[in-house]
Amino acid sequence: MPCPAQISDDLEFFVNGRKVTEKNVDPEVTLLAFLRKNLCLTGTKDACGTGGCGACTVMVSQHDPVCKKTRHFSVMACLVPLCSLHGAAVTTVEGVGSIKTRLHPVQERIAKSHGTQCGFCTPGMVMSIYTLLRNHPQPSEEQLMEALGGNLCRCTGYRPILESGRTFCMEPDGCPQKGTGQCCLDQKESDSSGSKSDICTKLFVKDEFQPLDPTQELIFPPELLRMAENPEKQTLTFYGERITWIAPGTLQELLVLKAKYPEAPLISGNTALGPAMKSQGHFYPVLLSPARIPDLRMVTKTSGGLTIGACCSLAQVKDILAESISELPQEKTQTYRALLKHLRSLAGQQIRNMASLGGHVISRHCYSDLNPILSVGNTTLNLLSEEGPRQIPLSGHFLAGLASADLKPEEILGSVYIPHSQKREFVSAFRQAQCHQNALPDVNAGMRVLFREGTDVIEELSIAYGGVGPTTVSAQRSCQQLLGRRWNALMLDEACRLLLDEVSLPGSALGGKVEFRRTLIVSLFFKFYLEVLQELKADQKLPPESTDSQRYPEIADRFLSSLGDFQVTLPRGVQTYQRVDSHQPLQDPVGRPIMHLSGLKHATGEAVFCDDIPRVDKELFMALVTSTRAHARIISIDSSEVLDLPGVVDVITAEDIPGNNGEEDDKLLAVDKVLCVGQVICAVVAETDVQAKRATEKIKITYEDLKPVIFTIEDAIKHNSFLCPEKKLEQGNIEEAFENVDQVAEGTVHVGGQEHFYMETQRVLVIPKTEDKELDMYVSTQDPAHVQKTVSSTLNIPISRITCHVKRVGGGFGGKVGRPAVFGAIAAVGAVKTGHPIRLVLDREDDMLITGGRHPLFAKYKVGFMNSGRIKALDIECYINGGCTLDDSELVTEFLVLKLENAYKIRNLRLRGRACMTNLPSNTAFRGFGFPQGALVTESCITAVAAKCGLPPEKIREKNMYKTVDKTIYKQAFNPDPLIRCWNECLDKSSFHIRRTRVDEFNKKSYWKKRGIAIVPMKFSVGFAATSYHQAAALVHIYTDGSVLVAHGGNELGQGIHTKMLQVASRELKIPLSYLHICETSTTTVPNTIATAASVGADVNGRAVQNACQILLKRLEPVIKKNPEGTWRDWIEAAFEKRISLSATGYFRGYKAFMDWEKGEGDPFPYYVYGAACSEVEIDCLTGAHKKIRTDIVMDACCSLNPAIDIGQIEGAFIQGMGLYTTEELLYSPEGVLYSRSPDKYKIPTVTDVPEQFNVSLLPSSQTPLTLYSSKGLGESGMFLGSSVFFAIVDAVAAARRQRDIAEDFTVKSPATPEWVRMACADRFTDMIPRDDPKTFKPWSIPIA
């Protein structure tokens, strides 16, 4: 088995109300693949393939014949096996509503609330909210947060998405008029300059939204109701090419099958088995599905406990536990409450809907969130087999996999019995992860204690940890030794010693973070100790001598209030901007919060991305083969076995390239040697994507390792391994200045790298034409001209033969500037060689492995200052990890050095930067282009000075900030007035000084939780440091019906550039937006374009569109003058009759920009964007976790072209920057392999990471004569403002260290992960853990910054 001669059963289910009957279903086909390939429903997106991002969310509806109810639940389509859907109804975003038929309120509101940018995540967001509303038409805010916890967005910062969802919620607290135009903020108020300005907070009009009518939703198909109530077949069997899927209808049938196929796993939600089979190479020829067996979903309540069927989903378990908690006295629900607590943060809602309790228990994953609690809660597993039922305890022996305490191969888990807790028993659960939700825990724990009646003497004690071994670890020996001990400080001391001795982690333990995880072992027990102590005190049964306030001052009553986890709340905020002038014509959209013009298409799934383009005739698929060595010579590439595989057409190597194989140091396909793990060596072309991907695993490459192998900046410096010369700027006499200061401080700063994590991975479709060697290319890129040039060079054909089309890009952030040209060129070689269209779509793991990201940075600084805080001298030396090739590293180094001074005027200043060459994938352009790393170094110097002077950091910032018209270190003049205004308004709007006092008061009263607050200024230079990179062109056609087609050189990445260009055209032509359209960006309509980057896309392309429209309007003047009362269409028809050209090319020559590095001076940037941000956080010193309490941002946008889009850019960049500085951590193996290459392992911010109060204000009454309509580009500047969260965390850590009498000047390391925060908050627990000599073990991961 499987046997092709056998005939599969028919699979019957519904999609969007229509019946689907499939014969010969392959069990390896997922719902996502079927929807996209078979049904052409491409609204459901493929972004990660592992169930970690939510882009593929759909709703599944199933009827339960036992309870006679129909369940609606969201799932990740990328994990759902198609064969599991027999009898189910699937609803995709296309089935919810469409522009062509009827928009659903969810779709309308997310678009009109400005909740879409690139739009790639939007269908998944829509489906999560839609499913929530099908179950709860008026949900609570908590339910909304839970529903979106499994959905990722890289663009918006989540706030507008949550705002759209909030419109369905029960009326929240706060101003009921917010967003309607009647808010008290929607009135005239004085700005900081004293003048009157119209301030508005209305980005959308809630009253215009259509109401939600639950009666209009699709009904569950009656045919499926009948199927569920009266199934025609007991057992369903589906035979695939490699796997057979069997779904029995009765428990007895399942037991017979399990006896026949004892090695066959049971597959329920496929949340563990699916990813394991895909990425870890696990393979099972037979899969047994118990989903159709009602017996395995039964729930039984008895006087002693709760029995839950093994096939109940974790979401159902959550509801069952919540119901029991509401029915039972509190003393009986201790275990249930602990389980419910973890179920709220375990994965996302979609995974909880899919994963089963039985699968979670049986998998015994080391990071299981429930097994530690179930283990200490005396849970019993009810096993079933043909031989009869059997019970075993969910004990440490079971978790360790001991044969005597485990399932037999022919047994299945039928149900789980969880007993009630009892009087004098306390159960708690703890978990610490990189972020609050949808993240695997670093360490979790379940703990239970039972006391002798009327005493604090331990009668029973159970402790189990996850994340500290290959499975859940039970600390049985420690617990046994503590029996009979009293619950006091002496017991605590002994318990910590015993636990560290028994639950040991080797220095090379999988997952790394060894010292952090060791600390958590005792820190979490201490939390449990305090919780229980508090409960005992509340019962007033604790003997007074049980505490020792001298030895453990933290257990005094005033510190117990610090306990408890951070609660997740729906963020709130105010967005303020300046209204347009009252005299501006209503049809003129410039300055108004116009919805993204693709917003509705995003929300309905009708927006077409690169891989949504329908399959082309004779199309083939390409998959890449990458290096597994960091530095090696290629001895041979053996593809002989591959060419015989089914569907494989060809293997593409460097020998097949007719032209140039990339640059000398950056080959498209490796020749002779490889320089990093992930370098592309060759590619396989096959008839399907699955065949191509499988075939790559069969290519055998023989290597000979080379020396040296360099991964870290430290090693690169040691080996003098650099990619380009040092970049240096200097002013004043720095040596002399250091001799004349009161104090000198020196330090280092480490800033980790960052993955772009655009939701749409790199992808390209190449279609060769039949004549003249022409190619049509559809690419997800920020720079189609670069793709065009690279392909031209690779194929040795003229550029004019290649047309690149870009409809829209699912996020870029700099990652689609250079790399798409490489993938486009490789695909083009395949297309020319085979003569077939080639589609190349990287999966998430390959994308993250190959493409590189933000440059990690290491910096050394020396700062001289007076006791007043005035900085007299500053010397900063920066090194960035460029990876194995130059790419954009020299430019990043230049921008890094140019922008290092940030907002500060320091008379004696030396700034240096170098790009290191290492054996890692080449790092590349990323939003901010070096500024987010460099400015963090400068602000760290400020923090160090503040600590030495005993002054608040904000005072040091104010004292050293630019105050008057001045010149930068590179001699460019500028006026800092907007900078000062932003700073002062941010101080005012955030009530900074009042809150600073409150933070200090909180910290005096709280020992284990600390708050921090920080405000940072920003001077961000916009644009490229070269005039030629600021040029732009546009083409505008007016058709005889009056409609207008606009083409320009910018690319729509989600930043709303197309929307802004049409706003410009509308103003210039004086016509409504409804007349205007942009089809795509194409190298045919606008040639020689510049990359859409550096925040100038809308600015320079807008000037080109403006120019084209002005030319056309000038031509139309005689016609208009002749018929002033005519309509636009009248004028166009008349112009056509008079043979007036209705097409015009617009052009903008660009801003002058230059930099002379020899002299160290120039005018490299057209203008600056100024801003300031204030953030307040609270940290848990015992775990390193933090929550964002509030953020206030003030940004100088001058006259915003579109306040809704610009505020969205600011918020999105801020959250992305916050991720850089707090949760996004790239981990590499000692062999140079990137571990963190999926959303499970690399944590970008989620909805739970948004500050509870998130306010953004565009600085009113600001002007700049240089730019288009006095607007500014805001795409990148908000990134660095995310550092306000970082420095607030640093402030909180400093408060903790201050209270413990530990030095406040500590090494600054970004990201400020829970690991860094916890270990920086040094205390007796960090002191007691064992530390290994680094020379005695090989670490699991290495730092590369």
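Positions of Cβ are set from backbone N, Cα and C atoms, glycine also.
Of all Cβ atoms in the protein chains displayed, 27 besides its own lie within 10 Å of the Cβ of GLU1276 (active site, proton acceptor). Summarising the annotation, Swiss-Prot assigns active site, proton acceptor to GLU1276.
As annotated by Swiss-Prot, [2Fe-2S] cluster 1 binding site applies to CYS48, CYS53, CYS56, CYS78. For CYS53 ([2Fe-2S] cluster 1 binding site), applying a Cβ distance below 8 Å and a minimum sequence separation of six or more within one chain yields ALA47, CYS121, GLY124, ASN151, LEU152, MET759, PRO1239.
Sequence-distant contacts of VAL1096 (Mo-molybdopterin binding site), defined as residues of its own chain at least six apart whose C-beta falls under 8 angstroms from its C-beta, comprise VAL1022, GLY1023, PHE1024, HIS1030, TYR1151, PRO1166, GLY1273. The Mo-molybdopterin binding site annotation in Swiss-Prot covers GLN117, CYS155, GLY812, PHE813, ALA1094, SER1095, VAL1096, GLY1097, GLN1209, LEU1274 and is backed by similarity to another entry.
Taken from Swiss-Prot, the feature [2Fe-2S] cluster 2 binding site applies to CYS118, CYS121, CYS153, CYS155, supported by similarity to another entry. There are 30 other CB atoms within 10 A of the CB of CYS121 ([2Fe-2S] cluster 2 binding site), with all protein chains counted.
Under the heading FAD binding site, Swiss-Prot lists LEU266, ILE267, SER268, GLY269, ASN270, THR271, ALA272, LEU273, ALA347, SER356, HIS360, ASP369, LEU413, citing similarity to another entry as support. Annotation for HIS360 (FAD binding site): same-chain Cβ neighbours under 8 Å, separated by at least 6 residues, are LEU314, SER368, LEU370, ASN371. DSSP assigns HIS360 (FAD binding site) to a helix in the three-state reduction.
For 9-96, the entry in Swiss-Prot reads domain '2Fe-2S ferredoxin-type', with the evidence type sequence analysis. Across the domain '2Fe-2S ferredoxin-type' (9-96), mean pLDDT in this model comes to 97.
If you look up Swiss-Prot, you'll see 238-423 marked as domain 'FAD-binding PCMH-type', on the strength of sequence analysis.
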Binding-site residues compared (CYS56, CYS78, CYS153, LEU413, ALA1094) - the one with the fewest other Cβ atoms within 10 Å: LEU413
Chain-internal residues near GLN117 (Mo-molybdopterin binding site), provided their CB is under 8 angstroms and they sit 6+ positions away: CYS155, THR156, HIS596, GLY1054, GLN1055, GLY1056, GLY1208, GLN1209, GLY1212
Cβ-Cβ neighbours of CYS118 ([2Fe-2S] cluster 2 binding site) (radius 10 Å): 30
The domain '2Fe-2S ferredoxin-type' (9-96) - residue tally per DSSP class, helix then strand then coil: 16 helix, 31 strand, 41 coil
Number of other Cβ atoms within 10 Å of the Cβ of GLN1209 (Mo-molybdopterin binding site) across all protein chains: 28
Candidate binding-site residues ALA272, GLY812, ALA1094, pick with smallest Cα gap to GLU1276 (active site, proton acceptor): ALA1094
Residue, out of the binding-site residues CYS48, CYS155, LEU266, ALA272, ALA347, whose Cβ gathers the largest set of other Cβ atoms within 10 Å: CYS155
GLN1209 (Mo-molybdopterin binding site) - helix vs strand vs coil (DSSP): helix
Cα separation, CYS118 ([2Fe-2S] cluster 2 binding site) to ASN270 (FAD binding site) (Å, whole number): 30
Other residues, Cβ within 8 Å of CYS48, CYS53, CYS56, CYS78 Cβ centroid ([2Fe-2S] cluster 1 site): LEU32, LYS45, ASP46, ALA47, GLY49, THR50, GLY51, GLY52, GLY54, ALA55, MET76, ALA77, GLY124, ARG844, PRO1239
Rounded distance in angstrom between the Cα atoms of CYS153 ([2Fe-2S] cluster 2 binding site) and CYS78 ([2Fe-2S] cluster 1 binding site): 17
Cβ neighbours within the same chain of GLY812 (Mo-molybdopterin binding site) - under 8 Å, at least six residues apart: HIS756, TYR758, THR781, GLN782, ASN1051, LEU1053, GLY1054, THR1092
